[in-house]
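Per TrEMBL, the features are as follows:
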BINDING   Q10, A11, G12, G13, K14, G107, T108, G109, E139, N166, N184  GTP binding site
DOMAIN    2-203  domain 'Tubulin/FtsZ GTPase'
REGION    333-360  region 'Disordered'
Amino acid sequence: MKVALIGVGQAGGKITERLARFDANMDFGAVQGALAVNSAKPDLQSLDVVDTKLIGADRVNGHGVGGDNELGTEVMQADIQQVLGALDGRVTSSAEAIVVVAGLGGGTGSGGAPVLVHNLQQVYDVPVYALGVLPGRNEGALYQANAGRSLKTLLREADSTLLIDNDAWHEQGESVEGAFETINDRIAKRVGLLFASGEAVEGVGESVVDSSEVINTLRAGGVAALGYATEVASEDSAENINTAMTVSRQALLTGTSLPDATTADSALLVIAGQPDAIPRKGVERARRWLEDETGSMQVRGGDFPLDSDRLGALVLLGGAERSDRVQAFMERAREAKEAQEEESTDHAEEFADDRLENLF
Ligand code: GDP
(Lines of atoms letter the chains of each structure in order from A and count residues from 1; the text may use other names and numbers.)
(Lines give C-alpha, C1' and ligand atoms only; values in the text may rest on other atoms or scores of the structure.)
Protein backbone atom coordinates (compact mmCIF):
# COMPACT_ATOMS: atom_id res chain seq x y z
CA MET A 1 0.00 0.00 0.00
CA LYS A 2 1.55 3.26 -1.08
CA VAL A 3 1.26 5.75 1.76
CA ALA A 4 2.00 9.37 2.51
CA LEU A 5 3.04 9.89 6.12
CA ILE A 6 2.57 13.00 8.19
CA GLY A 7 3.99 13.03 11.71
CA VAL A 8 2.62 15.63 14.12
CA GLY A 9 4.49 16.54 17.32
CA GLN A 10 7.63 15.00 18.75
CA ALA A 11 6.65 11.33 18.83
CA GLY A 12 4.83 11.71 15.49
CA GLY A 13 7.93 13.13 13.82
CA LYS A 14 10.31 10.56 15.27
CA ILE A 15 8.12 7.60 14.33
CA THR A 16 7.49 8.97 10.84
CA GLU A 17 11.22 9.32 10.31
CA ARG A 18 11.82 5.74 11.48
CA LEU A 19 9.12 4.44 9.16
CA ALA A 20 10.51 6.34 6.18
CA ARG A 21 14.02 5.13 6.94
CA PHE A 22 12.98 1.47 7.35
CA ASP A 23 11.02 1.54 4.08
CA ALA A 24 14.01 3.06 2.25
CA ASN A 25 16.55 0.66 3.80
CA MET A 26 14.42 -2.34 2.86
CA ASP A 27 13.86 -0.91 -0.62
CA PHE A 28 10.08 -1.47 -0.29
CA GLY A 29 8.95 1.78 -1.88
CA ALA A 30 5.68 1.87 0.07
CA VAL A 31 6.36 5.23 1.71
CA GLN A 32 5.78 7.80 -1.02
CA GLY A 33 6.58 10.84 1.03
CA ALA A 34 6.96 11.90 4.62
CA LEU A 35 6.43 15.21 6.36
CA ALA A 36 6.91 16.14 10.02
CA VAL A 37 4.85 19.01 11.45
CA ASN A 38 5.59 20.58 14.82
CA SER A 39 5.28 23.79 16.82
CA ALA A 40 8.64 23.06 18.50
CA LYS A 41 11.58 23.96 16.27
CA PRO A 42 14.27 21.86 18.04
CA ASP A 43 12.18 18.69 17.55
CA LEU A 44 12.07 19.33 13.79
CA GLN A 45 15.79 20.10 13.64
CA SER A 46 16.63 16.67 15.04
CA LEU A 47 15.02 14.94 12.02
CA ASP A 48 16.93 14.41 8.79
CA VAL A 49 15.18 12.19 6.28
CA VAL A 50 11.73 13.80 6.28
CA ASP A 51 10.48 17.18 5.10
CA THR A 52 9.53 19.48 7.95
CA LYS A 53 6.96 22.21 8.57
CA LEU A 54 6.94 24.53 11.59
CA ILE A 55 3.50 25.68 12.72
CA GLY A 56 2.34 28.22 15.29
CA ALA A 57 5.49 30.34 14.95
CA ASP A 58 3.54 33.54 15.61
CA ARG A 59 1.79 32.03 18.66
CA VAL A 60 4.56 30.06 20.38
CA ASN A 61 7.69 31.21 18.56
CA GLY A 62 9.00 27.71 17.84
CA HIS A 63 8.91 26.71 21.52
CA GLY A 64 6.06 24.18 21.30
CA VAL A 65 2.76 24.12 23.17
CA GLY A 66 3.89 22.18 26.27
CA GLY A 67 1.22 19.71 27.27
CA ASP A 68 -1.61 22.01 26.18
CA ASN A 69 -3.44 20.06 23.51
CA GLU A 70 -6.14 22.71 23.09
CA LEU A 71 -3.35 25.08 22.04
CA GLY A 72 -2.11 22.26 19.77
CA THR A 73 -5.54 22.22 18.13
CA GLU A 74 -5.50 26.01 17.73
CA VAL A 75 -2.08 26.26 16.12
CA MET A 76 -2.94 23.50 13.64
CA GLN A 77 -6.24 25.22 12.78
CA ALA A 78 -4.49 28.55 12.29
CA ASP A 79 -1.78 27.15 9.98
CA ILE A 80 -3.70 24.36 8.26
CA GLN A 81 -3.44 25.92 4.79
CA GLN A 82 0.35 26.02 5.04
CA VAL A 83 0.45 22.37 6.10
CA LEU A 84 -1.83 21.31 3.24
CA GLY A 85 0.31 23.41 0.92
CA ALA A 86 3.44 21.58 2.06
CA LEU A 87 1.79 18.27 1.15
CA ASP A 88 0.43 19.26 -2.18
CA GLY A 89 1.86 17.22 -5.06
CA ARG A 90 4.95 16.16 -3.15
CA VAL A 91 3.57 13.83 -0.53
CA THR A 92 0.21 12.77 -1.81
CA SER A 93 0.28 12.43 -5.60
CA SER A 94 0.66 8.64 -5.73
CA ALA A 95 -0.55 7.63 -2.28
CA GLU A 96 -3.32 5.08 -1.78
CA ALA A 97 -3.76 6.20 1.82
CA ILE A 98 -2.59 9.01 4.08
CA VAL A 99 -1.41 8.18 7.58
CA VAL A 100 -1.22 10.86 10.29
CA VAL A 101 1.14 9.77 13.09
CA ALA A 102 1.09 11.24 16.61
CA GLY A 103 1.66 10.58 20.31
CA LEU A 104 -1.82 11.18 21.72
CA GLY A 105 -0.74 12.22 25.24
CA GLY A 106 1.24 15.40 24.44
CA GLY A 107 0.21 18.79 23.03
CA THR A 108 1.01 19.41 19.36
CA GLY A 109 0.33 15.86 18.13
CA SER A 110 -2.57 15.23 20.49
CA GLY A 111 -4.37 18.45 19.58
CA GLY A 112 -3.13 18.88 16.02
CA ALA A 113 -3.55 15.40 14.53
CA PRO A 114 -7.38 15.34 14.68
CA VAL A 115 -7.57 18.77 13.00
CA LEU A 116 -5.20 17.64 10.27
CA VAL A 117 -7.13 14.40 9.66
CA HIS A 118 -10.37 16.39 9.43
CA ASN A 119 -8.94 18.72 6.81
CA LEU A 120 -7.24 15.97 4.79
CA GLN A 121 -10.62 14.21 4.56
CA GLN A 122 -12.06 17.31 2.84
CA VAL A 123 -9.27 17.46 0.27
CA TYR A 124 -8.30 13.86 -0.61
CA ASP A 125 -10.32 10.88 -1.85
CA VAL A 126 -7.99 8.24 -0.42
CA PRO A 127 -8.57 6.93 3.14
CA VAL A 128 -7.03 8.99 5.91
CA TYR A 129 -5.81 6.88 8.83
CA ALA A 130 -4.33 7.83 12.17
CA LEU A 131 -1.48 5.99 13.86
CA GLY A 132 -1.77 7.01 17.50
CA VAL A 133 0.53 6.22 20.44
CA LEU A 134 -1.35 5.76 23.72
CA PRO A 135 0.49 6.76 26.90
CA GLY A 136 1.58 3.90 29.15
CA ARG A 137 -0.18 3.31 32.47
CA ASN A 138 2.52 5.07 34.45
CA GLU A 139 2.58 8.24 32.40
CA GLY A 140 0.98 11.20 34.21
CA ALA A 141 -2.68 12.20 34.43
CA LEU A 142 -2.27 15.01 31.91
CA TYR A 143 -1.08 12.52 29.27
CA GLN A 144 -4.03 10.23 29.96
CA ALA A 145 -6.60 13.01 29.80
CA ASN A 146 -5.05 14.50 26.65
CA ALA A 147 -4.97 11.12 24.94
CA GLY A 148 -8.61 10.42 25.84
CA ARG A 149 -9.83 13.59 24.16
CA SER A 150 -7.53 13.16 21.18
CA LEU A 151 -8.59 9.55 20.63
CA LYS A 152 -12.26 10.41 20.88
CA THR A 153 -11.88 13.08 18.19
CA LEU A 154 -9.67 10.92 15.97
CA LEU A 155 -12.25 8.13 16.05
CA ARG A 156 -14.78 10.64 14.73
CA GLU A 157 -12.50 11.98 11.99
CA ALA A 158 -10.21 9.19 10.74
CA ASP A 159 -11.19 6.24 8.56
CA SER A 160 -9.46 4.06 11.14
CA THR A 161 -7.11 4.70 14.08
CA LEU A 162 -4.28 2.22 14.57
CA LEU A 163 -3.33 2.28 18.24
CA ILE A 164 0.06 1.46 19.71
CA ASP A 165 -0.02 1.27 23.49
CA ASN A 166 3.29 2.47 24.95
CA ASP A 167 3.09 -0.44 27.42
CA ALA A 168 2.88 -3.03 24.64
CA TRP A 169 6.01 -3.26 22.54
CA HIS A 170 8.90 -3.15 24.98
CA GLU A 171 10.42 -5.43 27.58
CA GLN A 172 8.97 -5.67 31.10
CA GLY A 173 10.73 -3.48 33.63
CA GLU A 174 12.14 -1.07 31.07
CA SER A 175 10.95 2.49 31.79
CA VAL A 176 8.70 3.96 29.10
CA GLU A 177 11.20 6.71 28.28
CA GLY A 178 14.04 4.21 28.10
CA ALA A 179 11.89 2.06 25.92
CA PHE A 180 11.03 4.72 23.32
CA GLU A 181 13.88 3.61 21.08
CA THR A 182 12.73 -0.02 21.20
CA ILE A 183 9.07 0.90 20.69
CA ASN A 184 9.79 3.25 17.78
CA ASP A 185 11.98 0.64 16.17
CA ARG A 186 9.24 -1.98 16.43
CA ILE A 187 6.59 0.38 15.14
CA ALA A 188 8.78 1.19 12.13
CA LYS A 189 9.41 -2.47 11.37
CA ARG A 190 5.92 -3.83 11.96
CA VAL A 191 3.87 -1.01 10.51
CA GLY A 192 6.48 -0.73 7.74
CA LEU A 193 5.93 -4.40 6.88
CA LEU A 194 2.19 -3.89 6.86
CA PHE A 195 2.49 -1.06 4.32
CA ALA A 196 4.93 -3.07 2.22
CA SER A 197 2.87 -6.26 2.41
CA GLY A 198 0.18 -4.51 0.43
CA GLU A 199 2.58 -3.87 -2.44
CA ALA A 200 2.15 -6.18 -5.41
CA VAL A 201 5.24 -8.34 -5.86
CA GLU A 202 6.01 -9.26 -9.45
CA GLY A 203 6.32 -12.89 -10.38
CA VAL A 204 5.25 -14.44 -7.07
CA GLY A 205 2.19 -16.61 -6.34
CA GLU A 206 -1.34 -15.31 -6.45
CA SER A 207 -1.90 -15.46 -2.70
CA VAL A 208 0.17 -12.33 -2.19
CA VAL A 209 -1.64 -9.61 -0.22
CA ASP A 210 -2.53 -6.44 -2.06
CA SER A 211 -3.39 -2.92 -0.93
CA SER A 212 -7.14 -3.37 -1.21
CA GLU A 213 -7.02 -6.09 1.46
CA VAL A 214 -5.38 -3.76 3.94
CA ILE A 215 -7.86 -1.02 3.05
CA ASN A 216 -10.86 -3.38 3.27
CA THR A 217 -9.74 -4.65 6.66
CA LEU A 218 -9.52 -1.08 7.93
CA ARG A 219 -12.90 -0.22 6.39
CA ALA A 220 -14.52 -1.37 9.64
CA GLY A 221 -13.37 2.01 11.03
CA GLY A 222 -12.92 2.65 14.73
CA VAL A 223 -9.82 1.29 16.41
CA ALA A 224 -7.28 -0.93 14.64
CA ALA A 225 -4.51 -2.96 16.26
CA LEU A 226 -1.47 -4.74 14.85
CA GLY A 227 0.14 -7.92 16.11
CA TYR A 228 3.47 -9.46 15.12
CA ALA A 229 5.57 -12.52 15.90
CA THR A 230 8.29 -14.59 14.20
CA GLU A 231 9.96 -18.00 14.60
CA VAL A 232 12.90 -19.70 12.92
CA ALA A 233 11.55 -21.60 9.90
CA SER A 234 12.52 -24.71 8.00
CA GLU A 235 13.28 -24.50 4.26
CA ASP A 236 10.58 -27.10 3.68
CA SER A 237 7.07 -25.66 3.84
CA ALA A 238 5.53 -28.95 5.08
CA GLU A 239 7.60 -28.64 8.24
CA ASN A 240 6.31 -25.11 8.85
CA ILE A 241 2.61 -25.92 9.25
CA ASN A 242 2.76 -25.77 13.04
CA THR A 243 5.10 -22.77 12.93
CA ALA A 244 2.54 -20.78 10.90
CA MET A 245 -0.04 -21.55 13.58
CA THR A 246 2.32 -20.70 16.47
CA VAL A 247 3.39 -17.33 15.05
CA SER A 248 -0.22 -16.39 14.28
CA ARG A 249 -1.31 -17.19 17.84
CA GLN A 250 1.62 -15.27 19.30
CA ALA A 251 0.97 -12.28 17.04
CA LEU A 252 -2.61 -11.97 18.23
CA LEU A 253 -2.31 -13.04 21.84
CA THR A 254 1.04 -11.66 22.99
CA GLY A 255 2.48 -9.57 20.18
CA THR A 256 -0.28 -7.04 19.70
CA SER A 257 0.05 -3.25 19.81
CA LEU A 258 -3.09 -3.14 21.97
CA PRO A 259 -2.90 -5.81 24.65
CA ASP A 260 -6.03 -7.95 25.01
CA ALA A 261 -7.59 -6.71 21.79
CA THR A 262 -8.95 -9.90 20.28
CA THR A 263 -12.53 -8.99 19.39
CA ALA A 264 -12.71 -7.36 15.97
CA ASP A 265 -15.02 -6.73 13.01
CA SER A 266 -12.37 -7.74 10.50
CA ALA A 267 -8.84 -9.07 10.36
CA LEU A 268 -5.97 -9.64 7.97
CA LEU A 269 -3.36 -12.34 8.48
CA VAL A 270 -0.13 -11.90 6.55
CA ILE A 271 2.46 -14.68 6.66
CA ALA A 272 5.90 -13.42 5.71
CA GLY A 273 8.88 -15.54 4.71
CA GLN A 274 10.64 -17.28 1.81
CA PRO A 275 7.89 -18.13 -0.72
CA ASP A 276 8.90 -21.84 -0.72
CA ALA A 277 8.79 -22.02 3.05
CA ILE A 278 5.23 -20.68 3.45
CA PRO A 279 2.88 -23.64 4.14
CA ARG A 280 -0.48 -23.25 2.37
CA LYS A 281 -2.22 -25.61 4.77
CA GLY A 282 -0.74 -23.87 7.82
CA VAL A 283 -1.80 -20.43 6.58
CA GLU A 284 -5.36 -21.60 5.96
CA ARG A 285 -5.56 -23.28 9.37
CA ALA A 286 -4.24 -20.14 11.09
CA ARG A 287 -6.73 -17.99 9.18
CA ARG A 288 -9.64 -20.15 10.40
CA TRP A 289 -8.29 -20.02 13.95
CA LEU A 290 -8.20 -16.21 13.68
CA GLU A 291 -11.85 -16.22 12.60
CA ASP A 292 -12.83 -18.13 15.74
CA GLU A 293 -10.67 -16.08 18.02
CA THR A 294 -11.78 -12.63 16.80
CA GLY A 295 -15.40 -13.60 16.22
CA SER A 296 -15.14 -12.05 12.76
CA MET A 297 -16.36 -13.60 9.54
CA GLN A 298 -14.19 -11.22 7.56
CA VAL A 299 -10.69 -12.59 7.97
CA ARG A 300 -8.49 -12.08 4.95
CA GLY A 301 -5.19 -13.84 4.47
CA GLY A 302 -2.16 -13.71 2.21
CA ASP A 303 1.57 -14.09 1.83
CA PHE A 304 4.36 -11.60 1.86
CA PRO A 305 7.49 -12.95 0.17
CA LEU A 306 10.48 -11.87 2.22
CA ASP A 307 14.09 -12.98 2.13
CA SER A 308 14.42 -14.31 5.68
CA ASP A 309 15.20 -17.55 7.52
CA ARG A 310 12.22 -16.88 9.78
CA LEU A 311 8.48 -17.14 9.33
CA GLY A 312 6.55 -14.10 10.55
CA ALA A 313 2.86 -13.40 11.15
CA LEU A 314 1.36 -9.96 10.98
CA VAL A 315 -2.22 -9.68 12.23
CA LEU A 316 -4.18 -6.51 11.51
CA LEU A 317 -7.48 -6.07 13.36
CA GLY A 318 -10.16 -3.59 12.27
CA GLY A 319 -13.04 -2.42 14.45
CA ALA A 320 -11.36 -3.50 17.71
CA GLU A 321 -12.71 -0.70 19.95
CA ARG A 322 -14.81 -3.08 22.01
CA SER A 323 -11.67 -4.59 23.49
CA ASP A 324 -11.17 -4.33 27.26
CA ARG A 325 -7.96 -2.40 26.70
CA VAL A 326 -9.65 0.52 24.94
CA GLN A 327 -12.46 0.62 27.50
CA ALA A 328 -9.95 0.58 30.39
CA PHE A 329 -7.94 3.35 28.77
CA MET A 330 -10.99 5.58 28.23
CA GLU A 331 -11.92 5.06 31.89
CA ARG A 332 -8.38 6.08 32.93
CA ALA A 333 -8.61 9.18 30.74
CA ARG A 334 -11.99 10.18 32.18
CA GLU A 335 -10.72 9.77 35.75
CA ALA A 336 -7.64 11.85 34.95
CA LYS A 337 -9.80 14.59 33.46
CA GLU A 338 -12.09 14.61 36.52
CA ALA A 339 -9.13 14.69 38.89
CA GLN A 340 -7.72 17.68 37.00
CA GLU A 341 -11.02 19.52 37.32
CA GLU A 342 -11.28 18.77 41.05
CA GLU A 343 -7.74 19.96 41.58
CA SER A 344 -8.43 23.30 39.98
CA THR A 345 -11.55 23.78 42.13
CA ASP A 346 -9.51 23.08 45.26
CA HIS A 347 -6.92 25.73 44.39
CA ALA A 348 -9.64 28.33 44.01
CA GLU A 349 -11.15 27.37 47.38
CA GLU A 350 -7.81 27.63 49.12
CA PHE A 351 -7.67 31.29 48.22
CA ALA A 352 -11.28 32.05 48.99
CA ASP A 353 -10.22 33.41 52.39
CA ASP A 354 -12.32 36.46 53.20
CA ARG A 355 -9.91 37.66 55.87
CA LEU A 356 -7.69 38.82 53.05
CA GLU A 357 -8.96 41.31 50.53
CA ASN A 358 -8.26 41.21 46.87
CA LEU A 359 -6.05 43.99 45.55
CA PHE A 360 -8.74 45.23 43.20
P1 GDP B 1 4.00 16.77 21.31
O2 GDP B 1 5.34 17.03 20.70
O3 GDP B 1 3.46 17.96 22.05
O4 GDP B 1 3.00 16.26 20.35
O5 GDP B 1 4.18 15.65 22.43
P6 GDP B 1 4.87 14.22 22.33
O7 GDP B 1 4.94 13.75 20.95
O8 GDP B 1 6.11 14.24 23.14
O9 GDP B 1 3.73 13.35 23.02
C10 GDP B 1 3.82 12.88 24.31
C11 GDP B 1 3.27 11.49 24.33
O12 GDP B 1 3.93 10.70 23.37
C13 GDP B 1 3.51 10.81 25.65
O14 GDP B 1 2.49 9.85 25.88
C15 GDP B 1 4.85 10.13 25.44
O16 GDP B 1 5.02 9.03 26.25
C17 GDP B 1 4.77 9.74 24.00
N18 GDP B 1 6.08 9.80 23.33
C19 GDP B 1 6.93 10.85 23.24
N20 GDP B 1 8.00 10.53 22.50
C21 GDP B 1 7.83 9.24 22.11
C22 GDP B 1 8.58 8.35 21.30
O23 GDP B 1 9.66 8.66 20.78
N24 GDP B 1 8.06 7.11 21.13
C25 GDP B 1 6.89 6.71 21.68
N26 GDP B 1 6.47 5.47 21.45
N27 GDP B 1 6.14 7.52 22.43
C28 GDP B 1 6.61 8.77 22.64
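Each Cβ is built from the backbone N, Cα and C atoms, and glycine gets one as well.
Structural mapping of features recorded in TrEMBL.
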| residue | record | contacts (Cβ under 8 Å, 6+ apart) |
| --- | --- | --- |
| Q10 | GTP binding site | N38, A40, D43, G103, G106, T108, G109 |
| G12 | GTP binding site | I6, A36, V37, N38, V100, V101, A102, G103, T108, G109, A113 |
| K14 | GTP binding site | G7, L47, F180, N184 |
Rounded mean pLDDT for the residues that make up the domain 'Tubulin/FtsZ GTPase' (2-203):
94
Taking the residues Q10, A11, G12, G13, K14, G107, T108, G109, E139, N166, N184 listed for GTP, what is the greatest CA to CA distance in Å, to the nearest whole number?
20
Suppose we draw a 10 Å sphere around the Cβ of E139 (GTP binding site). How many other Cβ atoms does it contain, all chains included?
18
Between T108, N184, which of the binding-site residues has the fewest other CB atoms within 10 angstroms in the structure shown?
N184
By the DSSP assignment reduced to helix, strand and coil, which category contains E139 (GTP binding site)?
coil
